[in-house]
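Annotation comment: Swiss-Prot describes 50 as active site, nucleophile. For 49, 50, 51, 52, 107, 112, 113, 114, 118, the entry in Swiss-Prot reads substrate binding site. Here Swiss-Prot flags 187, 188, 189, 190, 191, 192 as NADP(+) binding site, drawing on sequence analysis. Taken from Swiss-Prot, the feature site 'Important for activity' covers 97, and the record attributes it to sequence analysis.
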């Protein structure tokens with residue numbers, strides 16, 4: 001059996017090709033069922049996200065040719081269309097690649113945690129369709145353990161490297177608990193949606209979404225349990241917010257110094273955090289001059305993100321060392337299983353010979369043959385039976401001119417330590 005990983009990702013393939021090779025939920029079921037019945041595949045998992053499509057399998061052959069042909073045929077493409085963008089790994093390299101993917105080291109955003117959840121979901125899907133067994137299943141179990149170790153022993157996921165996540169991290173640094181805060185989100189685009197998701201994950205449960213059109217904001221409100229207001233209503237609600245995060249496409253500022261002064265007064269000077277992600281700015285720069293106000297712009301966030309990227313690179317080096325160690329340990333353990341099977345088979349072989357010879361000897365004694373004669377015959381036959389296979393192997397190695405093989409057999413049998 002050979003562990004094999006092949007696929008395409010954001011580094012090797014265009015969006016157009018990634019779309020063609022992606023597996024929808026319906027396609028995933030069909031694909032896993034095909035692989036389960038494939039004569040050369042014993043176990044398989046498919047990881048398909050917006051940035052990658054990868055097939056992990058345990059196969060009866062080496063080399064990726066059969067799997068490349070299957071992947072192309074399944075998506076009604078020619079092998080030539082996908083071959084330039086494909087990468088593949090075997091055995092320890094395949095194990096190492098999977099661990100790197102699950103730990104976020106192969107992601108567009110270094111160290112991003114979402115990929116681990118996606119890999120786990122792929123594993124559960126493969127389980128559901130009874131497509132994963134044996135060695136591959138053990139590899140995925142090991143990978144999840146390694147990912148946990150990497151998250152625990154390194155800071156690969158501890159530093160924000162996206163604007164949305166950096167905004168939430170900043171809020172968490174200033175306010176001890178986000179569950180006790182009210183957050184006003186200005187805008188309802190993709191960035192604000194990501195901010196909302198991060199805030200809810202961090203325990204925030206009081207969201208107000210202000211947007212030019214309430215229909216768009218209503219979608220966020222439904223998903224995250226937020227209150228919806230229009231942009232003109234911001235002045236009357238601003239004092240309720242401990243945190244304001246803004247990202248609109250407005251050409252002019254939406255929140256002015258005077259508006260914030262009134263809000264601070266109504267709050268009896270309890271501090272407010274403003275995170276202005278918009279370009280041009282949504283919050284007047286003069287707001288930052290007010291007491292009890294913390295104002296951060298997108299430039300401030302970018303400097304934080306750049307610093308965090310460098311810290312993640314250091315953590316990534318530590319993570320790579322862990323993965324190299326763990327992938328080597330996994331393959332060593334896997335090879336030891338092969339030795340265990342061989343030892344068990346050899347013991348069974350020897351036991352069968354022993355039991356057969358013993359049965360014959362006892363029967364001979366019962367039939368009146370002298371015990372001394374039976375013992376001599378037993379020892380001779382037992383010796384001949386046990387040395388037959390290694391004797392043939394040495395003769396064959398000598399006949400074929402294979403001195404290395406002959407040397408291994410001699411070492412295995414301990415012949416080099418016997419003095420003439």
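One is the number of the first residue shown, and numbering goes on along the chain from there.
Keep in mind that glycine also has a Cβ here, set from the backbone N, Cα and C atoms.
Each residue contributes its Cα atom, and for residue 107 (substrate binding site) and residue 97 (site 'Important for activity') those atoms are 12 Å apart. For residue 51 (substrate binding site), the spatially nearest entry among the recorded positions 97, 187, 189, 190 is 97, judged by CA separation.
All protein chains shown were included, and the count of other CB atoms within 10 Å of the CB of residue 107 (substrate binding site) stands at 20. Same-chain residues with CB within 8 A of the center of the 187, 188, 189, 190, 191, 192 CB atoms, the NADP(+) site residues themselves not counted, are 185, 193, 194, 195, 247, 248. When the Cα atoms are compared, residue 97 (site 'Important for activity') and residue 192 (NADP(+) binding site) turn out to be 33 Å apart. The recorded positions shown are 50, 113, 118; of these, the one with its CA atom nearest the CA of residue 190 (NADP(+) binding site) is 50. Within 8 A of the CB centroid of the substrate site residues 49, 50, 51, 52, 107, 112, 113, 114, 118, the other residues of that chain are 104, 108, 115. According to its DSSP assignment, residue 49 (substrate binding site) is coil.
Looking at the residues that bind substrate per the record, 49, 50, 51, 52, 107, 112, 113, 114, 118, the two CA atoms farthest apart are separated by 15 Å.
Secondary structure at residue 118 (substrate binding site), taken from DSSP and collapsed to helix, strand or coil, is helix. The recorded positions under consideration are 50, 188, 192. Their Cβ neighbour counts within 10 Å are lowest for 50. Taking a C-beta cut-off of under 8 angstroms and a sequence separation of 6 or more, residue 118 (substrate binding site) has the following same-chain neighbours: 47, 49. Ranked by Cβ neighbours within 10 A across all protein chains shown, the binding-site residues 113, 187 are led by 187. Distance between Cα atoms for residue 113 (substrate binding site) and residue 50 (active site, nucleophile): 15 Å, as a whole number.
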